[in-house]
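So that you can see what the record holds, here are the features copied from TrEMBL:
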| type | residues | note |
| --- | --- | --- |
| TRANSMEM | B:12-35 | transmembrane segment |
| TRANSMEM | B:42-59 | transmembrane segment |
| TRANSMEM | B:96-116 | transmembrane segment |
| TRANSMEM | B:136-159 | transmembrane segment |
| TRANSMEM | B:191-211 | transmembrane segment |
| TRANSMEM | B:254-278 | transmembrane segment |
| TRANSMEM | B:339-357 | transmembrane segment |
| TRANSMEM | B:387-405 | transmembrane segment |
| TRANSMEM | B:462-481 | transmembrane segment |
| TRANSMEM | B:512-535 | transmembrane segment |
| TRANSMEM | B:547-573 | transmembrane segment |
| TRANSMEM | B:585-604 | transmembrane segment |
Amino acid sequence: MSNIDRRTLVKGSFAAMMAGAAFSRGAFADTSEPILLGVSGPLTGPNAQYGTQWKQGFDLALDEIMAAGGINGRKLAYQFEDSQSDPRQSVAIAQKFVSNPAIVLELGDFSSPASMAASPIYQRGGLVQFGFTNSHPDFTKGGDFMWSTSVSQADEQPLLAAYAVKRLGLKKLAVLHLNTDWGRTSRDYFVKAAKEYGAEIAVTEGYIAEERDFRSTLVRVRDANPDGLILISYYSDGALIARQARQVGLKQVMCAASSVYSPKFIELGGEAVEDVHVGTRYFPEDTRPEVQKFIAGFKKKYNGQEPDAFNAYAYDAMNMAAAVVKIGGTDRKAIRDAFTKVKDVPSVIFGTATFDVATRRVKGAMNAELVVRKGQFALWDGKPT
Amino acid sequence: MSSWLDYTINGLIVGNVYALVAVGLALIFGVSRLINFAQGSIYLVGAYIGWVAVVQLHTPLPLTIIVVAVAAAIVGLIIERFGLRPLQNSVRIAPLLATIGISFVLDQLVMLTFSPNPRALPSQLPDVRFQVGGGTIGPLDLLIAGVGLTSALLLFVFLRYSKLGWAVRAASQDRDAAMQMGVDVNRVNQAVFGIAAALGGVSGMLVGMYYNQIDTAMSLQATLKGVVAEVVGGAGNVPGAVIGSLLLGLVESYGVAVFGTSYRNLFAFLLLVVVLVLRPNGLFASARQAPPEPLTGTFIAPSRPVRIPRWALAVASAGFAVLPLFPVSFYVLQTLINAWLLGMLALSLTLVAGTIGQVSLGHAALLAIGAYTSALLSLALNVPVGLAVIGGGLMSAALGTLLISPSFRLRGHYVSIATLAIGEIVSLVILNWESVTRGPIGISGIPPLSLFGYDLISPTSIYWFSFAVMVVLALLQGRLLDSHLGRSFRAIRDDDVAARAYGLSLNRYKSLAFIFGGFAAGISGGIAAHLYSYINHETFNTQQSILALTVVILGGLGNVVGAMLGAVALVGLPEVFRIAAEYRILIYGIVLLLLVRFRPQGLLGTM
């Protein structure tokens, strides 16, 4: 919200609510007005933390886009509407964005129920829904206005399986996963790949997002006698599992999905996450220029804070949106077509991102094999832990 | 074999954590007969005050505990003085709604102050581990157990042997008699809220240290598990709450051991339902103990409903019916569609909660049953959508009534808790019954609404359709309330002993009410499924149940027009407050509190 004058926004929202004829038609042809993107995401409610991380990534990307001269001389801005990741609110927001001619492209929502409930409205309204954290395999099947830069789990999980099985030499695995659409899909791809690489799956355990006590789950894992633990978790639950694994006496190697990649994982996990292996899409010492620019810019803007995976997704998404709008202009249909034309957009996650027009997703995520050493994420040196 | 020792220890450890919340809840319930939904929020506040003390002020542990206890007690006293005391002479359900509003406000204040990012709360105890069985326990486990047991013991002694304790017990047995005997009931309430809040705050801090993690989402979960533990032990029974918590921890741990992690909460809630059905006063109630809920239905006090003339209703309906003909945005229409869908749910709940007095806290389960039935009928069996939605309503009526029937013999708060548990059970069954529901992946590609071969795709047509369905259901319900059935329902609500003496079969009438209510809720869920095109186990969650109850209480219990008005208000308000961005839920909570404060009988009054 920090990018548009609050008063304009207040007036806009009021107008949209009361009469529906939101922004006056004269206004948006005016090139001094910013090009407006709609964002539907959680700012309150149980997923609020992810919405605030999005904002950090968006704001950094916008600063850089403005510094580089904006979109053909025009400003780019976003209007963030809080959905609480609730489908009831995301559908209302979808109608709000679709009926506001100033909005040229929509980003979000966060969770699958909220995003995919809104998809039919965006599809019929002819507004692109650009879901950059939507890994649900059916998300882009909602229609040709649904596009996603979320790393497909069909891509990511084989990389993690290769790290665990081929590189770390684990043979008998226990998989702990969030029992959500993301965690479940990820688990299935991981198990398939790990088996192909010759590992045995000793046990898989799915837990709900609110779970905090994992000790009994870990005893189950212990009794299955694996030589490695795979965490398909977010950073907060991943840290809890790592701590409690040490408490119940598990000393096996742990290997986690990229979604734990956050300074918070180390802050919350403390010594227990030491030597945890993480397959990620980028890492601090990565020499790629887009990564260095992202990390340096992020630290500068946010008082030395390290960016995490969700910051990076949002940063990439805003850069992609800018690249698309540069090609497509402000016409919604032209913007959809621009997604098929946009090529090699610099990306922290993908190196360079180009959409596969058939799946409306991006393939070829970068891969880095990290390990937590002395309270820092570091590139794995190949030594066993 | 050694694994079973480990499962037992782990169950006791987590039971310990639950006990801290359950004791506070039990204390408050013992005196005010109130499930304090704000207890989890006080626990959250305590955790964050602890964070400030430890991380910013570097206080040593004993001082940290004192700081947190005092600060949390002050919050508790403020809640008692300004949130609950003004409501003590109003309907018994008003304070319940007030605690829900207070919990919104407190959670939001914490989120706005500290940001929603989780934080580490380092333990200040030495990091030594003791080997027990295959695993280890640390000093914090012992401290948590110590605090739980000591506080339960102290409270037990206090209630039994001190003068203020007698006053507390007297007030809990018969408030009016206690007042006549010169007990200052307000002071008793203050003492109880202060103690319970101090305990809640310290628990939040200790649990935060235990997991080295605090975040704003911890409040609702703490309340849920605390309520389960408390009721298992016998509501209002402080030592029972500790034992109930340990038992809950054990059942969860053994459940994980035998069936796997994803079944964990299923066992927790099944335990609750079984205990409620077999021993409604909790495991540790003595046979002589007076029932904890009054014999007659003072839970819902009648009030004079606001009579709205028929012509006004007709004009309002006509106004809403022609609204899409005017240039209103699709956003407004979509918001009202949400209101109509919530309105159908509220009609269902106002019938079972308001008219017959079974206050359900698991109503979202009926939505889920309707939605999954309708989605699966249309996808797997190619049933036309219109029929599939009706199928959803019928399934919800049948299955919902069947599931809820064990709770028919319960009264007052116990019905709410049992239905809360049944709601959670339905959601967990949806999560785990993958061959039918596709588990967490959910059902996608649900076809849009259609009627007689015409797709209802535009917001205008969906608006008319959902509005028409709601109005038809409301008219039917109005007819029902005016018939002899309606009178029987209200008789059961107002005095079930007298109703039975007149020869009314309670179970049969309760079933009828749930069949009708289940149908309306199932229809609402079915329409939602086709509207969203994608549903999973999270689409219809506990927050929906709480929202529905809020709508019903706000509109006036049993009041058909009130249910619809409440739905429009509670869907509309958060949208109107959108301009306030992050502050909107805070404002919503405050508005809710003010409404409860000044219209405790609901906007239109109890019918």
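Each residue's number is its place along the chain shown, starting with 1.
The backbone N, Cα and C atoms fix where each Cβ goes, glycine too.
Please treat TrEMBL annotations as automatic predictions, because they have not gone through curation.
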Within-chain partners of the transmembrane segment (B:96-116) [C-beta distance under 8 Å, separation at least 6 from its ends]: 34-38, 40-42, 44-45, 48, 51, 75, 79, 83-84, 87, 215-216, 219-220, 223, 546, 549-550, 553-554, 582-583, 585-586, 588-590, 592-593, 596-597
Cβ-based contact of the transmembrane segment (B:512-535) with the transmembrane segment (B:339-357), 3 or more pairs under 8 Å: yes
Chain residues in Cβ proximity to the transmembrane segment (B:547-573) (below 8 Å; excluding those fewer than six residues from its ends, i.e. six or more beyond): 93-94, 97, 100, 300, 303, 305-306, 308, 313, 335-336, 338-340, 342-343, 345-347, 349-351, 353-355, 359-361, 363-364, 470, 474, 477-478, 481, 490, 493, 588, 591-592, 595-596, 601-607
Cβ pairs under 8 Å between the transmembrane segment (B:191-211) and the transmembrane segment (B:254-278), at least three: no
Dominant neighbour of the transmembrane segment (B:339-357) in B:136-159, B:462-481, B:585-604, by Cβ pairs under 8 Å: B:462-481
Cβ-Cβ under 8 Å with the transmembrane segment (B:585-604): same-chain residues at least 6 beyond its ends: 83, 86-87, 90-91, 94, 97-98, 100-102, 104-105, 108-109, 112, 301, 303, 305-306, 308, 550, 553-557, 559, 561-562, 565-566, 569, 573-574, 577
